[in-house]
Amino acid sequence: MTKGTTSFGKRHNKSHTQCRRCGRKSYHIQKKTCSSCGYPSARLRKYNWSEKAKRRRTTGTGRMLHLKRVHRRFKQGFRSGPPKPVKA
């Protein structure tokens, strides 16, 4: 059995499938871990040796829907309850 070009033609099994957390095709079926985000680990996989990868998926690259709302409420002092009546 050769170990070069001829044996590469025999590779047809999928080792990775789509990850349910990050959506990338990096979830290893046998290991049951994602090589991209580290799922099922609670913490997201990130390393300092890949600064560019950290930049791609850090806070601010998405819609930031929740953080935008929190920031707006912070500026108003987290007001809650019914609005105060306007004095004439």
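Cβ coordinates come from backbone N, Cα and C, glycine included.
Database features (Swiss-Prot):
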BINDING   C19, C22, C34, C37  Zn(2+) binding site
COMPBIAS  9-24  compositional bias 'Basic residues'
REGION    1-24  region 'Disordered'
ZN_FING   19-37  zinc finger
Sequence-distant residues near the compositional bias 'Basic residues' (9-24) by C-beta distance (under 8 Å, 6 or more away from its ends) are 30, 34-37, 39
Among C19, C22, C34, C37, the most crowded of the binding-site residues [Cβ within 10 Å]: C34
Name them in sequence order: residues not among C19, C22, C34, C37 whose Cβ is within 8 Å of the mean position of the Cβ atoms defining the Zn(2+) site. R20, R21, G23, R24, S26, Y27, S35, S36, G38, Y39, R45
Going by DSSP, give the three-state secondary structure for C34 (Zn(2+) binding site). strand
